[in-house]
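As structure tokens, the structure follows; a few thoughts come after it.
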Amino acid sequence: MDDFSIPGVKNAFGLPYSKNNNIISGKRPLSSMSPTIVEKDGYVEFILGASGGKRILTAITQVLLNILEYGMSLKEAIDMPRIHDQLIPDIAEFEPGYPKRILESLIYRKHKVTQNSNRKSVVQAIQVQKDGIICAVSDGRKGGVPRAY
């Protein structure tokens, strides 16, 4: 899912080519884009999106869990260190500061873990608060800042 694949050629991340993304006339590349809208009682509560290829899905999921399950603010949820595993390679890559107890638990269960290189996904999000105030947060991992017009 890294743009189009070329038979026999690894992608920019060293991963093997995928026949699902062969170049075919009129075809669009597969994508991990996941624009996400969270509603509660018929009202929009959050809007999230991310960049980062295959890391998009895990980034969006972790941010949503941080908000909905752990009660974090939008900024806290986006700023939290993340972990990503995409099966090939079968290694869970974690960001610095990821909770040590979780990493130890994964290692105990025979998962391979390594600290993340510079590859990351960045999340952009908007929260519509109960009082109608709109709060925007841009992921600082790539120096993002929210803008409004």
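From the backbone N, Cα and C atoms, a Cβ is placed for every residue, glycine too.
Note that the structure is predicted; figures quoted are calculated from it, not measured.
The secondary structure of Ser31 (L-glutamate binding site), as reduced to three states from DSSP, is coil rather than helix or strand. Under the heading L-glutamate binding site, TrEMBL lists Asp3, Ser31, Ser32, Gly53.
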Message: Neighbour count first, Cβ atoms within 10 Å, every protein chain included; then name which of Ser31, Ser32 tops the list of binding-site residues.
response: Ser32
